[in-house]
Structures are given as structure tokens and as C-alpha cells.
Amino acid sequence: MFPIFDPVALGLYIVGYIFMLIIAATIAPKVAKSISGRFTLYGAMALTAVLVVLTTAFIIYLFVTVALPHMGAYGLSFLLGLIFFVVLMNIITYFASPYLINLSYGARPDPRLQQIVDEVAARLGAPFKLKAVVVDGPPNAFAYGNFLTGRYVAVTSSMLALTDRRELEAVIGHEIGHHLHRDNAIMLLFGILPSIVYYLGVTAVHMAMASSGNRGGNPAILAAVGIAAVIVSFLIQLLVLAFSRLREYYADTAGAKAAGKEAMQFALAKIHKFYFANPEAHEVVRDSKFRALFIYALVNAVANPFVSVTRSDLEEIKRSSYSVFQEIFSTHPPIPKRLKFLDELQF
């Protein structure tokens, strides 16, 4: 979500962000701990999706029943126009982003990688053709594209050097899993919802401030609903991030099916081990507009092809600590949790 650049929007954004920080630091870890292990992966995804949709629907219902009567004669038209604009901008981004990614990362076809992608896709029963491309940069991989541009699986040249054949197949399986699960389209849809709620809130506050009070409306009610919407939009954003992390576990199951749980674990462990030794490597990907696509979300450096991981290394990584606070704001789960998840995975 990006605030409109005016003092009111900036102030609301700060209030919402502070609220999100408080939730992430206090309530969210306790809730996550209390429900940990109580749901299957599919149950957790369904529950989180329902919470996102119901919370968004409640705010829209609140606008229609409480705020709309105080928005003047053109309130409904403005409301629908705003929602249409937010949805349209996101759809345009969805269809344009593959071209931007290809340009940004210098994507180029690779016959050897294409052969591996085709083999893994057949193993997973993918019903569509996938385009395999090699890109420059750190050891990473990502899935992008759509039915118009084609569906891509991108692997960096340094990832090719870092992994052996089975580990590479697991990484590719993870990315094909994103395509099979329609994650790009699903996360586009869910990502739109907090943006809609946020901009509805900002607009309501603006209209309340501009109201002269002679139209029969109550600016105070309109402002209160607007502020509440902005705050709740940040809560919805936290839920969307949680949903994204669950989709990553879901994609890991595809990687494990493609090449085995151990291959998926060792691929993740190699990435983790390399970047743990290069803490400065996190900055570039953290600033990337496409970081949510990566198999590993906070990495960037020149990979050392001689990184190796032993079974004892793997077990040590599983036991390593991670920041719960940082996890709540991430699109990807911590590697130790993903390794433990794969341990418990059964086919």
C-alpha cells in the first residue's frame, strides 16, 4: 500500500503503521503460538483467506451503511470509482510486470534449464507450457507471468552453480508449484483488498474535512469510519502476509514432490548458509519491488558455488533462532520453519 502524498494521508499512514507495529509486537506472536499445530496447511490457508475476505467485507459494509449517507449525492459513484481504479491499476501491473521483470533481470532462455523445467513440470503434472529463463544476480529463483505473457520459471546463474541436480529440481518444483497453485493471481487479488480499504479510509477522512456540514451529513461519523478503515487495512495487510507465508509452505510441498523432501531441504539450507555468512546481502532484495516472488526473500550477493551443507548443518539450521517480529512482516517463512515443515510432510 502506498499513501497518497498529502499531509492527511501521511498522518493516517503513520497511525496505521504504528498500530500494525503494536499488533505485530504484542498480539500477533501470541495468536500464532496459540494456534500453532492446530490446523493443517490447507485449514490454515482457508482460515486466513476467510479472515481477509470477511474483514474487508465488513469494512465495505460499514462504509455502505454508516459512511455512505454522510458522503453526499455522489458518494456511491465516487466509492465505486475508487474501487474500480485500485483494481484496474493492479490488473495492469499484473499483466505488465512480466515484461518489466524480463527487462530488469536480463532474462534469457537456456536450453539446459528448459529441459530440466520440462522434466519437473511433467513430473508434477503441469497442464501448461513453462518458459525457463536464466537471470543475473544472487542465488534465487522465482515464478512469474500469466496466460497472456506466458508462465516463466527464472533461476539465477548463481543458483545453478550453488545447487546440484536434485536440489535444482526441488527449487524448480517449488516455483512450478506457484504456477500450479495460481499464486500470482491469488496474491494479486488478496493484495488488492487492503489497498481498497486503505484508500476508502483516506477518502472518507478527506471528504469529512471538506464537508461544510450543510448537506445533512455528519463529518465526525465519516471521519471516524475513515480512520477505522485505515487502521483495519494494516491489520488486513498482516493477514495477507500470513497468507503469503502459507502459500510458500504450499509451494515447498511441490518442490518436495518433484525431487524429494531432502533435496528441498538441502537447497534451502545451502541458500540460508550462504546468506547467513553475508549479512550485507539482504539490502538489495529488501528494496526490490519483486522480492515477494523469490524463493528466498531477503538475499542478494554473488554466490559461492562451493558452499556445501552436511546433515549436521541441516539439523543446526533447524535449531537456529529467528525473529518472530521480522517473520510477521515477511512474505516468506524463516528457513528453519520451512525445514521443520518439510520434516513433517507426508505424501
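Don't overthink the numbers, they just go from 1 along the chain as shown.
Each Cβ is built from the backbone N, Cα and C atoms, and glycine gets one as well.
Feature annotation from Swiss-Prot assigns transmembrane segment to 8-28 (among others); the stated evidence is sequence analysis.
Panel annotation: around the transmembrane segment (44-64), residues 79, 190, 193-194, 196-197, 200, 204, 225, 228-229, 232-233, 235-236, 239-240, 242-243, 246-247, 250 of the same chain, lying at least six beyond its termini, place a Cβ under 8 Å from a Cβ of the stretch. The transmembrane segment annotation in Swiss-Prot covers 44-64 (among others), and the record cites sequence analysis as its basis.
Residues or ranges marked as transmembrane segment by Swiss-Prot on the basis of sequence analysis: 76-96 (among others).
For 141-163 (among others), the entry in Swiss-Prot reads transmembrane segment.
Swiss-Prot lists H174, H178, E248 with the feature Zn(2+) binding site. Counting Cβ atoms from all protein chains shown, H178 (Zn(2+) binding site) has 24 others lying within 10 Å of its own Cβ. DSSP assigns H178 (Zn(2+) binding site) to a helix in the three-state reduction.
Taken from Swiss-Prot, the feature active site applies to E175, supported by sequence analysis.
Marked as transmembrane segment by Swiss-Prot on the basis of sequence analysis: 185-205 (among others).
Positions annotated as transmembrane segment by Swiss-Prot, on the basis of sequence analysis: 221-241 (among others).
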Best-contacting stretch, by C-beta pairs under 8 Å, relative to the transmembrane segment (76-96) and drawn from 8-28, 185-205, 221-241: 185-205
Intrachain residues whose Cβ lies under 8 Å of the transmembrane segment (8-28), provided they are six or more past its termini: 198, 201-202, 205-206, 209, 226-227, 230-231, 233-235, 237-238, 325, 328-329
Inter-residue C-alpha distance, E175 (active site) and E248 (Zn(2+) binding site) (nearest angstrom): 10
Least buried by Cβ count (within 10 Å) of the recorded positions E175, E248: E248
Cβ neighbour count within 10 Å of H174 (Zn(2+) binding site): 28
